[in-house]
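Engineer: Look at TrEMBL and you will find 147-167, 202-222, 275-293, 299-321 tagged as transmembrane segment. If you look up TrEMBL, you'll see 151-439 marked as domain 'ABC transmembrane type-1'. Annotation source TrEMBL lists domain 'ABC transporter' at 474-711.
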Amino acid sequence: MSAILALSSRSWCCGAGHKLSTVVHGQALFCSRRSIQLGLSANVDSKRLYLPSWIKHFVNCVKPRNKSLHQRHFSLKGNIKQTPSRLLVLTLGSGCVGVVTFIRTFSNHAHCEYKPKNRLSAYEETGNIPEPKLPWKEFFKLLLPDIWYLIGAILSALAVAILNIQIPLMLGDVVNILTKYTTESNGDFVQDIKAPALKLCYLYGFQGLLTFVYISLLGSLGERVATRLRKRLFESIITQDIAFFDTHKTGEIVNRLTTDVQDFKSSFKLVISQGLRSLTQTLGCIASLFIISPKMTTIMVIVVPTIIGLGSLIGSVLRTLSRKAQAQVSKATAVADEAIGNVRTVRAFAMEPKETELYNREVEQAAKLNQLLNVSIGAFQGLASVALNGIALGTLYVGGLLMSRNELKPGDLMSFMVAVQTIQRSLAQMSLLFGQAVRGLSAGARVFEYIQLKPLMPMTGGLTIPYHTMKGSIEFNGVTFTYPNRPNQVVLKDFSLKIPGGRIVALVGLSGGGKSTVAGLLERFYDVENGSITVDGINIKDLDPSWLRGRAIGYINQEPVLFATSVLENIRYGCPGATDEEVKEAAKLANAHDFITSFPDGYNTVLGERGVTVSGGQKQRIAIARALIKHPSILILDEATSALDAESERVVQEALDKIIKGRTVLVIAHRLSTIRDADVIAVMSNGVIAEIGKHEELKKKHGIYWELIKEQEKGVHQQEGFFTRQQG
Ligand SMILES: Nc1ncnc2c1ncn2[C@@H]1O[C@H](COP(=O)(O)OP(=O)(O)OP(=O)(O)O)[C@@H](O)[C@H]1O
């Protein structure tokens with residue numbers, strides 16, 4: 001549409017005024033890559049209007065020659081009646097095409113809605129979740145430390161806008177002098193043009209300088225705010241309750257830290273720079289218009305608000321669409337994150353094609369939504385462009401009429417048109433910014449949603465028990481527990497267990513009986529609903545959680561996770577202040593020193609992501625050293641050896657036997673042979689303790705424990721038979 005308009009306006013006029021048009025448009029644009037892509041058509045629009053040529057055409061039309069006023073009026077009408085009316089038809093026609101495309105794309109989308117029925121259902125957005133809103137108060141608090149950057153940027157952006165309002169007026173003065181010299185030859189042109197031309201030069205110079213100032217200030221402000229936002233978001237995420245991580249996917253969380261913060265930052269910068277500038281220019285230019293011609297301005301004041309109203313209506317549809325598109329991108333990222341994070345499992349099941357298919361499907365769905373969003377934004381901008389160009393044509397028509405009646409000077413019409421074009425460009429930029437602002441607002445709302453999420457459990461604060469007085473006795477009193485994400489399944493029902501200080505208590509039982517849940521509750525990963533858990537008689541809710549987890553309890557589970565750093569730092573993770581010697585001591589106790597020193601880089605050997613570059617047994621012993629270095633009074637061994645082969649199990653078990661001495665130990669084990677010597681064995685079934693006693697006592701009872709032993713012996717025999725058959 002704009003191309004047609006540009007071509008038509010070119011064909012109207014004789015091509016003069018290009019230089020002037022370049023100067024008028026020579027403003028620094030400050031957009032993100034995305035907004036430039038989105039805004040291409042809008043920017044092209046404004047660049048192709050060649051206003052001075054329009055004016056020249058009009059000046060030619062109305063220039064007093066040898067015609068009567070009536071003749072001039074008639075010829076003007078004839079000239080502008082045909083071409084602009086054709087243009088208006090074309091303009092409105094292309095606008096209709098835009099509307100039809102917009103509606104069709106929406107209806108197409110309704111047909112190809114994709115409903116995954118696989119593991120992706122975990123990422124499905126529940127339709128009833130209310131859209132988060134940006135908490136403005138919180139946001140301003142975050143801005144406060146850099147308020148001077150913001151004030152500086154706003155003031156310089158406003159100054160640029162005010163200069164932009166002045167420029168059309170100055171251009172009008174220049175054009176009036178130029179027009180004077182096209183009809184008369186007496187006078188000093190250089191002298192006459194000097195003052196307004198110099199003024200224009202100063203204005204352009206200042207405009208360039210201030211543009212540099214506000215862009216630099218905003219750039220710095222954006223980075224500082226985004227950094228603060230990321231820090232606060234990460235701190236909030238990492239301190240959330242474990243229940244939060246049961247219901248939120250890693251990819252989705254990471255997306256908020258990366259894409260959402262980035263989108264919010266870009267939008268914020270754009271809205272302050274271009275949005276504020278465009279708004280000021282629009283308001284300022286409207287004031288100028290009133291000064292130049294109140295008649296023409298009145299017409300504009302009626303038309304423009306109607307267009308803005310329609311724009312807001314379409315905008316609300318775009319907001320919903322943008323939210324859907326963002327959620328879908330998060331979903332695709334979450335799929336990739338899970339597949340890459342578990343690449344060994346994927347490889348082991350030869351699921352690469354399935355994972356690729358799954359990811360492709362999600363990415364395509366995201367692309368579809370984003371394309372729809374872009375098309376919709378395009379349609380929106382197209383319509384906005386139609387409206388704005390219509391305004392320009394209308395102004396030209398009315399202005400021409402006033403000129404033909406000598407009610408307006410050519411320079412004034414020039415000023416009016418440049419001001420109108422400034423308004424048009426500003427409005428086009430604002431419509432372009434709208435899409436970006438919508439994205440930014442919902443991205444910001446998503447970021448603040450997590451920042452404001454308050455965990456139910458504190459990270460610090462509460463009682464601590466001095467190391468030398470701590471006995472480590474533990475008591476579960478009538479504990480009832482349900483996982484927050486599965487409220488209908490009661491995992492522990494009135495569960496009671498006493499673990500005297502310095503004793504070893506083993507928890508055994510069928511899979512899913514609630515053994516790991518008991519360990520998790522002792523670590524206070526979750527709070528119990530009914531009953532209590534005490535350490536040395538103190539309810540763990542009254543104890544300092546960071547002391548409880550960081551000092552009092554050492555937790556070793558079946559699948560320890562190591563970090564992609566050196567062995568030394570991995571062990572030191574258990575006690576950040578530990579010396580190298582203390583790290584080595586802990587490694588020796590965990591039977592890890594020898595294999596660590598056999599690595600070419602020894603303790604400085606860097607482990608792969610999640611510790612993939614060491615064997616299962618080695619990983620487990622590094623994890624034991626990491627738990628030991630904090631000298632915990634209580635040890636939880638949750639299936640610590642069950643993932644290991646017989647040889648690794650033996651070495652790890654040796655290490656465990658050494659470290660459990662003098663500590664209160666809760667052992668959870670499947671292999672009953674490993675807990676025979678425990679002081680007490682508790683057999684769990686369906687969330688309660690079904691049997692309790694020593695190994696021999698329980699065996700004699702011929703109950704669940706005895707059944708479990710029989711089952712395991714049968715399994716061992718079957719395994720032995722299998723190997724014998726294989727060898728035979
Ligand atoms: N994070 C969780 N969210 C919801 N339910 C859970 C969660 N973790 C475990 N459960 C459920 O709680 C019940 C007890 O699980 P738990 O892991 O404590 O059993 P377990 O006795 O340790 O099993 P296993 O011997 O197989 O490790 C199971 O039904 C399990 O599905």
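For all residues, glycine too, the Cβ spot is worked out from N, Cα and C.
How buried are these features, and what lies next to them?
Structural biologist: Outside the transmembrane segment (147-167), and at least 6 residues removed from its termini, the chain residues within Cβ reach (under 8 Å) are 24, 27, 200, 203-204, 206-207, 210-211, 213-214, 217-218, 220-221, 224, 272-273, 276-281, 284-285, 287-288, 418-419, 422.
Here the transmembrane segment (202-222) has long-range neighbours at 23, 26-28, 30, 146, 149-150, 152-154, 156-157, 159-160, 163-164, 166-167, 170, 265-266, 268-269, 272-273, meaning same-chain residues at least 6 beyond its ends whose C-beta is under 8 angstroms from one of its own.
Within the chain carrying the transmembrane segment (299-321), a Cβ under 8 angstroms from the stretch's Cβ atoms is held by residues 286, 289, 369, 372-373, 376-377, 379-380, 383-384, 387-388, 391, 394-395, 398, 420, 427, 431, 434-435, 438, 441-442, all 6 or more beyond its ends.
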Engineer: In this predicted model, what is the average pLDDT of the domain 'ABC transporter' (474-711)?
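Structural biologist: So the average pLDDT across the domain 'ABC transporter' (474-711) works out to 89.
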